[in-house]
Amino acid sequence: MAVGIAELLDPSLGELRSSLQVNYMVDLAWLLEAYTVHGYQDKPLTVLHGTNGLIDPGFPGIITHKVKMPMLWGTHHTKMMIFEYTEGMRVVIHTANLVESDWEDRTQGVWVSPLLPTLPAGAPDTAGESPTEFRAHLLYYLTHYQLDILTPWIERVRRTDFSAIRVFLVGSVPGRFVGPELNRWAHNRVYDLLNKHTPRCNWQLIVQCSSIGALGEVPHEYLLDEFSFYMSGGLRNVPVAVIFPCEEDVRTSLEGYEAGSCLPYRWGQDNKQRWLYEFMCKWRSDTRNRTRAMPHIKTYTQISPDGRKMAWFLLASHNLSRSAWGVTQKQDKQMCSRSYELGVMFLPKFLGCEYLSVLTGDSVAPGGISLPYSVPLTAYQPGEQPWIIDKAHKKPDIFGTSLSKPTFG
C-alpha cells in the first residue's frame, strides 16, 4: 500500500471534525497513534468492528461497538472510513484491517473519494446524489445496522453532496432479500449494474482474493453456474481465473510464513475442492514490484484477451465465498448473503470511455486502472498447491523458519 493511515488523516485532505471507522480487526492503540500524529486524538471517533479483544481506552470521544452477526458463518468484514471535515466529508473504501501488519508489508487497495461538500440548508432530499446513486446505497448500508450510534452519520451523509462521485458502491449485508431488495446486494448488485450499464462481455473473469470459502464439490455447483454467471451480467461459460498465492509465494515473501496469517484458506475446504487448482494462478506483481508483498487486496474484473482493456473493475472487501457474495434461492427469487462487505465498482460509461484501460508504468489514460497483479497471469503448475493456513509447512522460509505443525487459524 503506497498510502498509510496517517496520510489518510493528513490535514491537507481536510480539517477533521469527527470520523467513523468500519472494519473487521482493529488495534485501537495503533489506530490512535495515527490520529495523534496530527493532533486528532481528542476528535470524536466511532469504531465498528467484528472481533473480540478490542481494548477500549475509555477516552470520552471514542465509541466502539462490536457488530453482532445474525447469521452463522457471517463476518463483519467491511473496510470503510468516513471523515467529517469542517468543509465537508470524504469516504474511503479499502481492504486493510486496522492493524499495523496489514499496512506494512502486504498489498492492499484503497479508494478515496473527492472532498464532498455539505449541502446548503433547505436543499431538497434529491439534491446532491451522484449519477451512480452512491449516496443512496451508502445509506442503505448504514441503515441496515439499525444502530443508534450511526444516526448522526446517517444524517451527515444525507446532508452531503455526492454528485462528484463516479463509482458504484457494491455492498453485502446479512439477510435474505426479495423483491426490490433482491438486486441491492452482493453478486445480484453486480449483475444488475452490468445489465444496466455495460454490454455483456465474454472476456475472462479474474478473481483475486485473500481467502476462499466452500465452493462445492464440483466447479458448476457455485463458481461457474452461479458466481461467474452473476459477475458477468448473466453469461454462461465465461472463462474464470482465481489469483491466490501458492505455498511457495508465501514462503519466499517479505514476511515469510508470517504473511500466511492474512490468507486464511483452510485444509478442510481445500480437500473438498481440489478441482479449483485448474482455475488458480499464482500471485505475481512484477510490474509493481510487489510480488513478495502478499495480497490482502481483493479485486474482480473481466479483461480482454490482449490484457489491455477491462469491461469493468471492482475493488472490494469481498473474498471468494458464498457468505460474502451471496447464494440465490427459491428459483432465483431470493438471495441470501451472510457478511458485511463493501466495494467500489468502476464502469467505463461513467468514466467517459468505452473500456477501462490497464495501465502500465507511469502511463495515464481516461478510465485507466493499474492492476495490482501482472498480466498475463501465471497458472499453477502440476504439483503446486495454494497456501493453506492450517497445515504444516516444513520447508524453511526466508528467515529459516519452518512450521512443523499448524500455527495460524
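Backbone N, Cα and C atoms are what each Cβ position is placed from, and that goes for glycine too.
Bear in mind that TrEMBL entries carry predicted annotations, made automatically and left uncurated.
For H77, the entry in TrEMBL reads active site, nucleophile. Residues or ranges marked as active site, proton donor/acceptor by TrEMBL: H296. The substrate binding site annotation in TrEMBL covers K79, K298. Per TrEMBL, the feature site 'Interaction with DNA' maps to S321.
A gap of 17 Å separates the Cα atoms of K79 (substrate binding site) and S321 (site 'Interaction with DNA').
Calculated from their C-alpha atoms, the gap between K298 (substrate binding site) and the residue listed as 'active site, nucleophile' amounts to 12 Å. Within 10 Å of the C-beta atom of K79 (substrate binding site) sit 27 other C-beta atoms, taking all shown protein chains into account. The separation of H296 (active site, proton donor/acceptor) from S321 (site 'Interaction with DNA'), Cα to Cα, is 15 Å. Under a cutoff of 8 A between CB atoms, and with a sequence separation of 6+ in the same chain, the neighbours of H77 (active site, nucleophile) are Y24, G50, S317, H318, N319, A324, S339, Y340, E341. Taking all protein chains in view, 26 other C-beta atoms sit within 10 angstroms of the C-beta of K298 (substrate binding site). Over all protein chains present, the Cβ of the residue listed as 'active site, proton donor/acceptor' has 24 other Cβ atoms lying within 10 Å.
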